[in-house]
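Accompanying notes for the structure given below.
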């Protein structure tokens, strides 16, 4: 738009920018301006404005601060002003206008001969002469007005006109500066001071008859055509007592009127017997000073007699002037007449000019029009005589009539001054509007549109004459100083474009910037050149645009910015270079001159590198955005000169070539945004890690991949434990896979999954050692390497295949324990199928980020130095949704199913029939042991997945998870299952304990042994001491379940049945002797083995549910129950034996 925003937020017209006036109120529209130098023919105002020297001291303020009209005393502009003797300047048209404007006593602007100086006077007088040459001059006023006589002297007048009986006569004309000062004078013989002395005593004894230069009838005619006549009388006396005192009932002194009637008052008196005492009446009881009889004391009575009916004075009479000490002087002035009663009306009807009371002429168009000229002087007659007799006049257009009076211009309405006599022009002005007219700046008055740019300042500030010299090119739209030339297919700036333009929008054209000349537009504030197809910004193209504060070069095809391309733009605060996607080169020193630019956005371009001194000259820039370029190298010193930059963004660039001095010159930088933490390390002396992106990967530091020695140690420990433990599990399960093929296959799958986690941990630990002390320089190489991606793949494969296998193991145990007679029990073939599906799913989950590049952008496993895909931060990098779906949704569902399944199994065991039958006979210690095993399984899974799930949910809710938590999750929480699973599912199993006995790692008493290492809950029971652990068992090789033994071929013999029963009986006896009960005997938990070279059978009876019993009880139900179940077992053995025997016999 065509506005300028002030610092305060206020918006003013763009034309107010750098117009030498404080339009904003805070000077922000002028404070940054660079005013041009004035040439020799110009005058520099105090505000920096340049005006023509011809306008200096011309009484019209051309400088906006009026400084061109200051200090003008004695330096008046001779072309348009008149200089008074004291140096005061007045307009030339104020000279000889009948009004004294020059100060002092000489009135040099209104000297004699002024009546013919002005052209209006000459033309008016000439026109008047044509009409009035044959008309009589009745008074000296007619001579002044009609003949333009300005010199006093004796002139001939005809008081009764040409048709009157009285002949013309000569009078003395005293010409004043105005017609009101003109006097028609008739002299006489007694005007001098005459001594009064009478020969006799008495009233009126002294008499003086007055003889005039003209006859009585001539004087009577003169008095008749004059509005005012007067005659001066002065009586000086000493001791006469002859004022108007009475003697014998008669006044002593008097004068006679034209009609020879005595008059008993002197000049200045209003009534009979009064005088005009001079200087004051000396006594309150005397009407005249000369009524005093004080001898040798001179007094005076004087004044004018102005009664036209009694003038002129014919005679004066004085008495009491005959004695010693009595004397006097009288002075009788001439007859003076003023102001003609009826001037030459028939000559006043001039068609073109109007005679003022001063005798000067003005144009007839000013008749009854009130106003002032551009100098503030009254337009028309200076004595406003042109405003008389206007009661019935009809005002012209753009004027408003005052009530029964003259007309005032419409822009005088509501201007805060009374222009009409009654002030009606300032009534009801609170909501004054003037549609269809121009409203003056900072005023409520309005000007007619046709009066704009008419050369006359109607507005107080002269703004109705502003912008009058602006020209609008035909191809453009103009709004004041805002010129818009859009979509005109122009290749050059219009020739008639005004040099005073403040804002130029030249978008959507084909401007040839190499040939364009911007130098004339020194006041330009905004230049918009969008969509012009510019390809190169040449040097020094804008060097003269020192007031430019906005340069918009967006949406062009700029490829190169040359050195000094922005030279001269020292006031530019907004530079727009966005959307120039092929800008590939910025030469050193290109930004020199941009001294006030604070923000530079070079994002989304094709810059391949930054050369030394690229940004020299940008001392005030605080924010530099280089995001999403193609930067590959940054030379040392590239940021030299950016000493004020506090924020730098280099994200979206693959910078490979740089040095440790890359950020040299950024003295004030506070925040850095990049794609690699290595840049944060390079800038660490200036920028805190809290204000640098990306943040550290929670694990690595600027020197080491694993920043914490404790975490480093855990990484090695868990890696070695997971690797060796799972290698052993794999070997062990492969060796014993035939004993329980389904369970062994599942545990083998789990061991393989956890083995991969061990490999991952060892690789990461080794990389940490390899890059120790120099990690940050190689962080990008490492995180984007194939090995890192392989590690990420391996960790994801391990964790997912592990938890899928745990789900299968849990499902197998759930079916066996809670649903023993279900037809859905795992067979070996189904187990292979399920494991294959689980591993295929895990491989797909781990490999998908390596295959789908658009979504994962190739850095799914490169977000941290340990190459984990785990997402427990509130950041949202590419692929974070996938990470959440896998590690939190899928794994949470698996974790929840495992916990639910083991809880259900525990409840099933507690509610079993066997447990119910024993509840009254012994405490539920067997339930506690089963519960502990299940709790251990749930605990290890909870330690792994529950913290990760909780932290993930918190992060997605916006909670910032500390980096330390992520680090511990990566090096301890996530791998903990891989290290503990071998212990839970293999090393702690019964068959492994038997293996330990066989290889001599446990004590044995005889071949039929059970473990006496039993643990009890902490609620009052105690562990058995070491001495009672005399029945450790060993797990001989080749044991088979009892049912399998009974059904095997060749058929079992009765002797062998007896050996089995005897062996079980011996175990029970041994347990009971040591005050233990077995806790239940089940045919499925009895195992038999026959050595090849022996006939004796070996019996293995697990004692995992054995518990201590009270030895002091006379009758012990616990041992009785063991014996009862022993009998039931023997009975079941015999039944199986008989069934097998019958089957064999029938086959035979």
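From the backbone N, Cα and C atoms, a Cβ is placed for every residue, glycine too.
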Transmembrane segment according to TrEMBL, located in which of 834-856, 857-879, 995-1017, 1018-1040: 834-856
Candidates 714-734, 803-822, 884-907; stretch with most C-beta pairs under 8 Å toward the transmembrane segment (746-771): 714-734
Length of the line joining the Cα atoms of residue 414 (disulfide bond) and residue 420 (disulfide bond), in Å: 11
Long-range environment of the transmembrane segment (803-822) - Cβ separation under 8 angstroms, sequence gap at least 6: 742-743, 746-747, 749-750, 753, 831, 834-835, 838-839, 841-842, 891, 894-895, 897-898, 901-902, 904-905, 908-909, 941, 945, 977, 981, 985
Other C-beta atoms that fall within 10 angstroms of the C-beta of residue 402 (disulfide bond): 22
Surrounding CB atoms that lie within 10 Å of the CB of residue 453 (disulfide bond), all protein chains: 14
Nonlocal neighbours by CB distance (under 8 Å) for residue 429 (disulfide bond), same chain, sequence gap 6 or more: 413, 414, 444
Rounded distance in angstrom between the Cα atoms of residue 63 (disulfide bond) and residue 50 (disulfide bond): 8
Length of the line joining the Cα atoms of residue 420 (disulfide bond) and residue 50 (disulfide bond), in Å: 39
Cβ atoms near residue 468 (disulfide bond) (within 10 Å, other residues, all chains): 10
